[in-house]
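Notes to accompany the following structure.
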């Protein structure tokens with residue numbers, strides 16, 4: 001019996017067969033190309049401005065990406081290359097060969113295991129930064145290793161390492177999930193967002209466009225790009241030029257930059273705007289996660305309300321549903337049309353919302369957690385601060401349903417029940433503890 005068979009929630013509990021090829025898509029239908037190009041130009045200028053004015057980090061002021069200083073010279077040799085090739089080798093006929101960046105992150109772990117379980121080849125890359133406790137990432141790494149996924153420890157800004165990986169493996173696809181996450185932390189460490197979400201993405205695109213053959217790329221954008229948009233539900237064709245946080249701005253910049261590389265170099269690119277992903281093995285900086293921790297410890301939790309005293313609401317999306325969307329995007333991605341940095345024809349460019357399309361007030365989230373934990377929360381109601389958070393999110397998933405076969409199936413209470421079961425096992429040593 002597999003060590004994953006008794007999981008409270010695992011990639012693989014749902015059907016992960018490949019989505020049939022979509023064919024020729026009208027993939028420019030919702031995109032305003034001129035605005036994307038403008039955003040790409042603006043944020044490339046922002047990045048250059050950052051590079052020029054930023055002083056070199058001193059030993060006492062290292063950012064979260066310390067691991068980016070690790071040279072690719074650390075890697076190589078026959079044993080290392082054997083591990084890389086073995087992990088990336090598909091086990092099924094016609095299987096994909098996928099480089100997953102941010103593989104030991106929340107979404108990256110689930111996607112990597114789902115791909116591996118259906119027979120695809122998967123190679124992980126992660127820098128194990130300290131944005132949250134690296135021990136959680138190391139534990140996820142253990143799951144990946146037991147599933148046959150080798151994770152290279154390195155940074156997406158390390159061009160030498162990336163080129164080495166592309167030399168060793170002919171990747172058919174890249175699932176780019178590495179990023180500096182979190183809305184509020186951007187106010188404390190803005191440089192890390194520019195470094196990872198813009199510079200790191202550009203570095204990956206540079207290496208990918210020079211590859212022969214070029215891989216198709218699916219990358220994580222964010223629902224945060226909708227910013228101050230008040231039209232609901234949020235649709236891919238809605239305006240995204242009013243970001244409410246630096247995190248959102250870097251994600252929007254990524255979309256513009258991706259379009260530029262698609263247009264100039266023929267890279268096949270698909271962006272996925274995730275809406276508040278939650279579930280087992282999640283991120284400790286997310287509300288559902290630290291609410292659970294603080295309720296169990298008897299600490300007061302802060303619940304924000306909108307300026308009109310209404311409840312802040314989120315389109316909470318369970319991790320298994322997000323994984324389905326990621327696999328659907330990979331399976332329907334057309335091949336890139338360039339080779340060795342030269343475009344040979346138009347290439348696919350797509351943007352999709354991946355949400356649950358059922359916004360839930362945060363107050364209801366707390367009520368569900370109280371029920372599952374059998375403890376009453378000590379709540380402090382506060383006005384929503386102007387630190388980048390928005391009052392609500394609501395995804396229109398019509399496009400993803402039609403073109404990716406995306407159908408979210410897990411409601412918030414069911415998903416939180418699975419999360420709490422995992423949390424109690426992982427952090428409290430519950431007898432119901434599972435390998436997930």
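From the backbone N, Cα and C atoms, a Cβ is placed for every residue, glycine too.
The number of other Cβ atoms within 10 Å of the Cβ belonging to residue 247 (active site, proton acceptor), over all protein chains shown, comes to 25. Annotation source Swiss-Prot lists active site, proton acceptor at 247, citing similarity to another entry.
Annotation comment: Swiss-Prot describes 97-128 as NAD(+) binding site. Annotation note: residue 117 (NAD(+) binding site) sits in a helical segment as assigned by DSSP. Residue 117 (NAD(+) binding site) is surrounded by 18 other CB atoms, counting those within 10 A of its CB over all protein chains shown.
The transmembrane segment annotation in Swiss-Prot covers 36-56 (among others).
Residues annotated as transmembrane segment in Swiss-Prot, with sequence analysis given as evidence: 95-115 (among others). Long-range Cβ contacts of the transmembrane segment (95-115) within its own chain (Cβ-Cβ under 8 Å, at least 6 residues beyond either end) map to 4, 10-12, 16, 88-89, 121-126, 128, 137-138, 140-141, 143-144, 147, 149, 151, 156, 165, 169-179, 181, 204, 215, 220, 274, 277, 279, 281-283, 319-320, 322-323, 326-327, 330.
Taking Cα separation as the measure, residue 247 (active site, proton acceptor) is nearest to 101 of the binding-site residues 97, 101, 113, 121, 125. The Cβ neighbour count for residue 97 (NAD(+) binding site), using a 10 Å radius and every protein chain shown, is 20. When other Cβ atoms within 10 Å of the Cβ of residue 109 (NAD(+) binding site) are tallied across all protein chains shown, the result is 31. Each of the binding-site residues 105, 121 was scored by the number of other CB atoms within 10 A of its CB, and the lowest score belongs to 121.
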